[in-house]
Amino acid sequence: MMLFGKISQQLCGVKKLPWSCDSRYFWGWLNAVFNKVDYDRIRDVGPDRAASEWLLRCGAMVRYHGQERWQKDYNHLPTGPLDKYKIQAIDATDSCIMSIGFDHMEGLEHVEKIRLCKCHYIEDDCLLRLSQLENLQKTILEMEIISCGNITDKGIIALLHLRNLKYLLLSDLPGVREKENLVQAFKTALPSLELKLQLK
């Protein structure tokens, strides 16, 4: 509550800013709130439920192991035993996930596919964090990164740590400039990877 009080004081103290600037500040703050990691919540409900809540709160979708249907409504998250619903796939298209929220993924053990499309807050740090998580290094088989303007070669090269990656699509990433070097690095480190590049 004190945090909200401090932020609201800051917002009230800012005067005569253009509406668009004020609005941008507010939405940036709100997105940061949505991404904040609550470690007590992870402990209480388990990593898959807490990560599901985070992802859906930010506008992403999840699919659970053994299910065909994508879960996209925060208010209709399934209930039941904590170990019943394990995240198998994440579609973060048009979501506001950002690096401060990626600690939610630490305990996930069944994620096989991640799609990051038009994620304006995704940066290299997100991919670096993702590739450092030992569970995800083992389980991720497919990734798609599309139209994420803040991603550069540094973030993409970190994906070499995903040692079981079988399919990687990179599309419309203006910050990725060393295509030939990336192709060579992936061929060397992950020879069975199907790498699809749709880059300028």
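Counting begins at 1 with the first residue displayed.
Using the three backbone atoms N, Cα and C, a Cβ is placed for every residue, glycine included.
Owing to the predicted nature of the structure, the values given are computational and were not obtained by experimental measurement.
Record features, source Swiss-Prot:
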BINDING   GLY59, THR93  Mg(2+) binding site
REGION    1-61  region 'N-terminal domain'
REPEAT    62-87  repeat 'LRR 1'
REPEAT    88-116  repeat 'LRR 2'
REPEAT    117-141  repeat 'LRR 3'
REPEAT    142-173  repeat 'LRR 4'
TRANSIT   1-25  transit peptide
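Less than 8 angstroms from the CB of THR93 (Mg(2+) binding site) sit ALA60, MET61, ARG115, CYS117, LYS118, CYS119, each of them six or more residues away in the same chain. Remark: GLY59 (Mg(2+) binding site) has ALA92, ASP94, SER95, CYS96 as non-local neighbours, by Cβ distance under 8 Å and separation of at least 6 in sequence. Sorting each residue of the repeat 'LRR 2' (88-116) by its DSSP state yields 7 helix, 8 strand, 14 coil.
Mapped onto DSSP classes, the repeat 'LRR 4' (142-173) shows 9 helix, 10 strand, 13 coil. The DSSP breakdown of the repeat 'LRR 3' (117-141), given as helix, strand and coil counts, is 15 helix, 1 strand, 9 coil. If you average pLDDT over the region 'N-terminal domain' (1-61) in this model, you get 71.
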